[in-house]
Amino acid sequence: MYSTAMSLSAASASAAAAAVASGATASRPNAIRPAAGLRFCGLRREALGLRSVRSSPQVVAARRSVAAAATAGNGAAGSGGFDYDLVIIGAGVGGHGAALHAVEKGLKTAIIEGDVVGGTCVNRGCVPSKALLAVSGRMRELQDEHHMKSLGLQVSSAGYDRQAVADHANNLASKIRSNLTNSMKALGVDILTGVGTIVGKQKVRYGKVGFPDNEITARNIIIATGSVPFVPKGIEIDGKTVFTSDHALKLESVPDWIAIVGSGYIGLEFSDVYTALGSEVTFVEALDQLMPGFDPEIGKLAQRILINPRKIDYHTGVFASKITPAKDGKPVLIELIDAKTKEHKETLEVDAALIATGRAPFTKGLGLENINVVTQRGFVPVDERMQVMDADGNAVPNLYCIGDANGKLMLAHAASAQGISVVEQISGRDNILNHLSIPAACFTHPEISMVGLTEPQAREQADKEGFEISVVKTSFKANTKALAENEGDGLAKMIYRPDTGEILGVHILGLHAADLIHEASNAIALGTRVQDIKFAVHAHPTLSEVLDELFKAAKVNAGVSHSVNEPVAA
């Protein structure tokens, strides 16, 4: 479902908006000339304008010198008198990805975890939520009598065992957690148990309550501590009738009527689960429309498919100023105020309330004050290479932060990609990750996925930089495989530049949208233009032909050459 410090829709929107606000220079290939030997992870040379803080050539050269020393021992022992070449604080998906890549690069690596391996994604997010959504998808299909009859199937009334569903989610999390742990142990990563604190330059202390602390040294340190649910003021959590996604994933109950505060990815996915299991849902959204952050056209279609036909109502433009848990036979009380005027609007009485207002970085207790680093709203400030910046705006040598803790793009796979990028850097290959090439997905039924800019964001960038954009769309109703599944509801749209063929964004709502988006995200990452990718061959009949038709529908200006994409720099 997520590994976010905010709703994924908000995270994707903020990342893209930041790119627009920074004055992205994707159209100006000569804006920056990178030094020879610079390697980009999913980033074209000309996209270097999408940056925050840049390191000087001297800093890059220093990194390479340090990296050469770090890899000289091939991981047999920490080099330069250090206990480890790399210590990672946090064993979530980001830390795990960084650790495995570090071992591949020959770095002696340790990972510190104060809770359980897997972090938010495996234990309280992406993984268990997918188990619940797998159940809701099957329940929804079995309950759709018209759909079943159209396929010639006759099914008796569908039912479920709540505890068995909850066990399925818990067992999946346990299995994946075990897999991650075993994969690190098998490769020789030292898993150190305890809370990690930075006590000085290249020094980390870790330990558990009631036990002596241990101090280790590392040539490089990565912070990968993730996030926790964000609960606004005035909301009282009891874990039973008013709860966060952490509690909801345990599925201890299925309320008759539940309010979901927040209609981003987290809230939308839980609405899919609860309505499939029989609950009525009321959304409470502070903005004026549901599903903020989605491409507006996709959002409107999603509301028609995912909201309107289901037992869901909603209040937009309001805050939940106070939520009181159910007790003494009284229901959960939710006081709503106008988001603009702050005047009281009404009070809802429901059986339960899920707080899906996003996530906050988990960075307290890291000891950042020991190295002159000040967080920004809890997030650790980093440059475009994920190197931590101190209070004076200088890069802290040998210290990096990835994933939810830095707030750049709060997705589990983004954290892993950032971790791999950092390991590439400390191994001597400078590497910059293009966050606009990272896809996001909402695993509702049907699914929603996106990569790159929304149409409004693309138009804003086009107006600012003086180029035109074009938009093409294809419908799932024209796809043979979707029709065979009787799942023709859906749309794919692409925003691109007709003067160059550059793909700016792709958005999909439909059957298996989360799987389909990767062809588009890889095209953006590799700089493949529409005039080239439209010649790619797709198997028939498959859902991938939705994108095939999308690419073929794109028209570039006369005279624009083919094979203009640049390879990843070596």
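Backbone N, Cα and C define each Cβ position, glycine as well.
Summarising the annotation, TrEMBL assigns domain 'FAD/NAD(P)-binding' to 84-419. Residues or ranges marked as disulfide bond by TrEMBL: CYS121-CYS126. Marked as FAD binding site by TrEMBL: LYS130, GLY196, THR225, GLY226, SER227, ASP404, MET410, LEU411, ALA412, HIS413. Under the heading NAD(+) binding site, TrEMBL lists GLY262, SER263, GLY264, TYR265, ILE266, GLY267, LEU268, GLU269, GLU285, GLY358. Residues or ranges marked as domain 'Pyridine nucleotide-disulphide oxidoreductase dimerisation' in TrEMBL: 438-549. Annotation source TrEMBL lists active site, proton acceptor at HIS540.
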Nonlocal neighbours by CB distance (under 8 Å) for GLU285 (NAD(+) binding site), same chain, sequence gap 6 or more: GLY262, SER263, PRO292, TYR314, HIS315, THR316, GLY317, VAL318
Distance check against ALA412 (FAD binding site) for the recorded positions CYS121, CYS126, GLY264, ILE266, HIS540, keeping those with Cα within 10 Å: CYS121, CYS126
May I ask which of the recorded positions CYS121, CYS126, GLY264, ILE266, LEU268 is closest to SER227 (FAD binding site) if we compare their C-alpha atoms? CYS121
Let me check the 10 A CB neighbour count of GLY264 (NAD(+) binding site). How many other CB atoms are there? 28
Binding residues LYS130, GLY196, THR225, GLY226, SER227, ASP404, MET410, LEU411, ALA412, HIS413 (FAD) - maximum C-alpha distance in whole Å: 30
Integer Å value for the Cα distance linking LYS130 (FAD binding site) with CYS121 (disulfide bond) is 10
Whole-number answer please: how many Å between the C-alpha atoms of LEU268 (NAD(+) binding site) and CYS126 (disulfide bond)? 14
Name, in the order they occur in the sequence, the residues of the same chain whose CB lies under 8 A from the CB of THR225 (FAD binding site) and which sit 6 or more residues away. ILE89, GLY90, PRO361, PHE362, THR363, LEU366, GLY403, ALA405
Separation of alpha carbons, CYS121 (disulfide bond) and GLY264 (NAD(+) binding site) (Å): 17
Can you grab the distance from CYS126 (disulfide bond) over to HIS540 (active site, proton acceptor)? Cα atoms, rounded to a whole Å. 31
Residue counts (helix, strand, coil, in that order) that DSSP gives for the domain 'Pyridine nucleotide-disulphide oxidoreductase dimerisation' (438-549): 42 helix, 29 strand, 41 coil
Between 0 and 100, where does the mean pLDDT of the domain 'Pyridine nucleotide-disulphide oxidoreductase dimerisation' (438-549) sit? 97
Densest Cβ environment (other Cβ within 10 Å) across the recorded positions LYS130, HIS540 belongs to LYS130
Round to a whole number and give the Cα-to-Cα distance in Å for the pair CYS121 (disulfide bond) and ILE266 (NAD(+) binding site). 12
To which of the recorded positions CYS126, ILE266, MET410, ALA412 does the lowest count of other Cβ atoms within 10 Å belong? CYS126
